[in-house]
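Remarks on the structure that follows.
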Amino acid sequence: MAAGGVGVPASGRGGAGPGAAPAPPAALGCPGGPLLSARHVAHLLFCSMMRSPGRDPAPSDGEEASDSTPLLQGAWPAEGAPVCCSARYNLAVLAFFGFFVLYALRVNLSVALVDMVDSNTTSADNVTSKECAEHSAPVKILRSQTGKRYQWDAETQGWILGSFFYGYIVTQVPGGYIARKVGGKRLLGFGILGTAVFTLFTPIAADFGVGALVVLRALEGLGEGVTFPAMHAMWSSWAPPLERSKLLSISYAGAQLGTVVSLPLSGIICLYMNWTYVFYLFGIVGIIWFILWISLVSDTPETHMRISQYEKEYILSSLRNQLSSQKSVPWVPMLKSLPLWAIVVAHFSYNWTFYTLLTLLPTYMKEILRFNIQENGFLSALPYLGCWLCMILSGQAADNLRAKWNVSTVCVRRVFTLIGMIGPAVFLVAAGFIGCDYSLAVAFLTISTALGGFCSSGFSINHLDIAPSTLLQNGKLFSVSLLLSMYLVPFSSHCSPKVKYRTGLSAITMDTETEGTNKQSSLLMYFCLSCNLKVPSIF
């Protein structure tokens, strides 16, 4: 077996002399697998014909031991290690559903809260909620009225929605350390399990009062805070370099699809049952996923029970050149690294916009665009459906550009970050000038969020490109990046503690007593947009 990859003996195949029959599939590194494809056979024949004329066409046994044609060259790795039923893609699929559950648990409150609050309280507190007229032909739908309603004003709702992120930022860096100690598999699994269990207790916490609900949401944030560092730590051991964009975009696209499904489904549940079942349903789904995750996943290819020997060798050999002998974390050089700070700035800007819309879009749909609870859920989900599609397609495109077109990794990351930052900024600004045009409002918000999906193949996985294995395997670099980028996100979603809803760009501004303060709060959203526009030049 060649040092650089899985070897295939040269012509005279199989070591039994010139007239020996071709080796069976098992001898070619595919135990019990399918026969070589026509492309593989043609490649081997071409190599045999192109050998130098002076070389003996029937090498001796000694020559056979050293002459091998490695399969892991150029564009071969993706075909050499099959995708179907492979352990690494099974991991990507399970991670996909894990992040599906993760974001479903995160955003379900955004829709449920619309139904939990007495509408008379919101209308009385929000003097601008009549700025857009009612729809010309509102649809009257019989709906369940069994759910308990709470007298929570806009400030209280802001505290409830923002409390999640105060727990979320606490476990960023510890998540990287814990992933190294206990493994990303357990950390990610128990992080989502804890969030699912806390979600089941949301109706009880709401009955106890606002304080209990705020604490519970912060605890959910603690559980979810470790998930991304844990997942990055696992992919550092599982993702071959030329498949990183595909594998990571598949796994993280679950977050967008979870949002797409959770928002309308939560609206339907609130409409025909009551809001308490939103938390019961998604909590139970999270527990089911945890059982599958713990049973089927391993931290590394070496410890996986069902991985083929060929795939294991393929993954390990592709990562061999990226291993680092340095065991300590170079904190000072890392914090002085301009590429790291470029990632942090990009991460911060993206998160500011993404989470502000994620937490407050359903309320905007209700209070300004005047959609009912069912329409609210479906229309709030449209932007994230577009984002999910862009994440999947951008992952495929990024790896194809690198593997087949030989475009440099730096160029690919920059171009995709450029699209994912400039596009959302342009359409979010455009949304500020459309007033109460319902169709354009939904269209611009959808396009803005969808284009942000390109960032999944840009800065989002750039940690794996620039960091040595020491930082990747324990998730420290991603933890630092996510911590710094998330530090002000609670403040962005907490622009809602005293929320007033306005049309267009200033749809989310702080309730203020003076015109000057109101302008300052509106600058928060403009700051987000200016960050998006500056990120490409920094990155």
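Cβ from N, Cα, C; glycine included.
Note that TrEMBL annotation is computational and uncurated.
Values in this document were obtained by computation on a predicted structure and should not be read as measured data.
When TrEMBL is compared with the stretches 21-41, 441-461, the one noted as transmembrane segment is 441-461. Listed ranges 213-232, 473-492; the one TrEMBL annotates as transmembrane segment is 473-492. Contacts between the transmembrane segment (87-105) and the transmembrane segment (377-395): absent, as fewer than 3 C-beta pairs lie under 8 angstroms at sequence separation of six or more. Here the transmembrane segment (187-206) has long-range neighbours at 95, 98, 101-102, 105-106, 108-109, 116, 148, 150, 175, 178-179, 212-213, 215-216, 219-220, 222-227, 229-231, 234, 275-276, 279-280, 282-287, 289-290, 293-294, 297, meaning same-chain residues at least 6 beyond its ends whose C-beta is under 8 angstroms from one of its own. The transmembrane segment (415-434) and the transmembrane segment (250-272) are not in contact, since fewer than 3 Cβ pairs between them lie under 8 Å (pairs 6 or more apart in sequence). If you average pLDDT over the domain 'Major facilitator superfamily (MFS) profile' (91-539) in this model, you get 80.
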